[in-house]
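Below you'll find the structure, written out as structure tokens, and then a few comments.
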Amino acid sequence: MRRKLVVGNWKMNGNLAQNKRLLEALVRGLQDVEHVDIAVCVPYPYLFQAQKILSGTNIAWGAQNVAKHENGAYTGEVSAAMLKEFGASYVIVGHSERSDAYCESNANIAEKFAIAKHYGITPIFCVGETLQERESGVMEYAIANQLDAVLSVSGGALLDQAVIAYEPVWAIGTNRTATPEQARAAHSFIRERIAAMHPGAAESVRIIYGGSVNPRNAAQLLSMPDIDGGLIGRCSLDADDFERICRAAC
């Protein structure tokens, strides 16, 4: 049975004082949660702070992006080896906000996925469709293209200990949320697509949902078949909200 995973994506938020209060509140509030894996993905400058506060707790930490290169003349980039030095367990790759703003291709995202795996960091690989793609009836085609880019480069073996996050782009940072049935159908399609190419990986890979999850809808969403947890944006910045979502996943 797949263990649930709840990941907070802080995006470009926080400062040292706010982070300290939030992280310490999460440590206190979640210390008795035993049956859910919990992580926060913080901005690069705060990795050391997260490492310092969260070490020895039941909360892991990670980053929101990684370079596809190991090292070299890539100004502004941060390598997987650097993330590993700060104890990062997870890294988000392919989030729609980055793909849109920085024109990241599926091939580029696949390289980031592979290098994270090479350094022992669990990639959280985001896939999803725009509202136009959903309304045009090509949702599955759009998701399949994103999945196939990684599967063709990495193969099924690299899905071991990886995470896929289904994030309907039209629900990111909005008040719109996929219905539980819409989310379940998308997760089921993703698992079936993986099974068609790499049967051994399909049942073990965790597929989490990201799209305006909040304390009010978390229990219903996270109880659906094939939904193995959540990638939480706005509500991960509030300790009470994030704790309630984590407990809803139990």
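From the backbone N, Cα and C atoms, a Cβ is placed for every residue, glycine too.
The substrate binding site feature in Swiss-Prot is assigned to N9, W10, K11, G173, S212; the stated evidence is sequence analysis. Following the DSSP three-state reduction, the secondary structure of N9 (substrate binding site) is strand.
The active site, electrophile annotation in Swiss-Prot covers H95, and the record cites sequence analysis as its basis. In the three-state DSSP reading, H95 (active site, electrophile) counts as coil.
Within the same chain, the residues at least 6 positions away from E167 (active site, proton acceptor) whose Cβ sits under 8 Å from its Cβ are H95, S96, C126, V127, G128, Y209, G210, G211, L231, listed in sequence order. Annotated active site, proton acceptor per Swiss-Prot: E167, in sequence order.
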Cβ packing number for N9 (substrate binding site), 10 Å threshold:
26
